[in-house]
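For reference, the structure is listed below as structure tokens.
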Amino acid sequence: MDKGNTTAGFILLGLFNHTTAHLLLFVLVLTVSFNSLVGNALLLLLIHQDCRLHTPMYFLLSQLSLMDMMLVSTIVPQMVAGYLTGKKFISATGCGFQIFFFLTLGGGECFLLAAMSYDRYVAICHPLRYPVLMSWQLCWRLTLGSWLLGAADGAMQAAATLSFQFCSRNEVDHFFCEAPVLLRLACGNTSAFEFVMYICCVLMILIPFSLILTSYGLILAAVLRMRSTEARKKAFTTCSSHLAVVGLFYGAATFSYMRPASSRSAKHDKVVSAFYTIVTPMLNPLIYSLRNSEVKDSLRKCVTRCAALTRKDALLGLVFSGDSKGKGMQ
């Protein structure tokens, strides 16, 4: 093995090569990333503008959209620049920031989804006590805790990963800096840190996931006891969208981080990472907008308002153009 050294940076080999098929996939990824940014930005705008959506549930949803937008912005620009320019080098500092933001946002989303499940549990099982059990003060604390816990995990893993010495061949067979992938390049013994990282993954993934399963188990029991068909349908509709997001996120995260190192492959890692860093952020606003009547009503009103403003501007343009023509004839 080559002599270890502290590296100035890494070469990210990327997700695609320059074949026709991969070019089409690259365009598809760009389209998905653009739709993800637009969809989440639109959901943020709707929640901010519509007073009916100023509730803890939608505030937590807005934080989820913000995390998804930041996640795409952390990963995709570097990947796109490397593919288009051929300059695939990333500095050690840039790599550290990628690890930090990726884990901050991914870890924060784990805890945020758990907070959202608690919100749905209180809303369905204890509706009369909802303002007390899910107050705005608690909502802010849950949100801040999600961000801080994710940031703590990101800072620890970024600092520990870059503290290792790496072999002279610093080529990373991935499209962004991810701690488990970088550890394969380390020349020293990384088993102790890999064990600690595994424990962190268990805490960050399994504990929130257990809370989510508990919340939805209690919700399911409460829904089955409801006599009103309309109330039961509304509860299932609201919760099914959240469960779909939970399944997509935790399924990909568990597959990526909870597998033993012996069963890992660079190809599988890249595909799964692309799914939960690019595809899942696009699906979240689609799932919530298509499955939630309040969001659909808010979107419909926003479109109607924009169309009315467009017609008004067009009419004003015609009036002003008519006035200018009349003055010209005089």
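Quick reminder: no glycine exception, Cβ is built from N, Cα and C everywhere.
Here is what TrEMBL records for this protein:
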type     : residues : note
DOMAIN   : 39-288   : domain 'G-protein coupled receptors family 1 profile'
TRANSMEM : 23-46    : transmembrane segment
TRANSMEM : 58-76    : transmembrane segment
TRANSMEM : 96-118   : transmembrane segment
TRANSMEM : 130-149  : transmembrane segment
TRANSMEM : 195-223  : transmembrane segment
TRANSMEM : 235-253  : transmembrane segment
TRANSMEM : 273-290  : transmembrane segment
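Across the residues of the domain 'G-protein coupled receptors family 1 profile' (39-288), the predicted structure has a mean pLDDT of 86. Listed as Cβ neighbours of the transmembrane segment (23-46) (distance under 8 Å, sequence separation of 6 or more from its ends, same chain) are residues 15-16, 53, 61-62, 65-66, 68-69, 72-73, 76, 79-80, 83, 274, 278-279, 281-282, 284-286, 288-289, 295, 298-299, 302. Between the transmembrane segment (195-223) and the transmembrane segment (96-118), the number of CB pairs under 8 angstroms, six or more residues apart, is three or more, so the stretches are in contact. Using a cut-off of 8 Å between Cβ atoms, the transmembrane segment (130-149) and the transmembrane segment (235-253) share fewer than three residue pairs, counting only pairs 6 or more apart in sequence. Outside the transmembrane segment (58-76) by six or more residues, the chain places 29-30, 33, 36-37, 40-41, 43-44, 47-48, 98, 101-102, 105-106, 108-109, 112-113, 115-116, 119, 139, 142-143, 146, 175-176, 245, 277-278, 280-281, 284-285, 288 with a CB less than 8 A from a CB of the stretch. Sequence-remote contacts of a segment are chain residues at least 6 beyond its ends whose Cβ falls under 8 Å from one of its Cβ atoms, and for the transmembrane segment (235-253) they are 64, 106, 109-110, 113, 116-117, 120, 124, 205, 209, 212, 216, 219, 222-223, 226, 272, 275-276, 280, 283-284, 287-288, 290-293.
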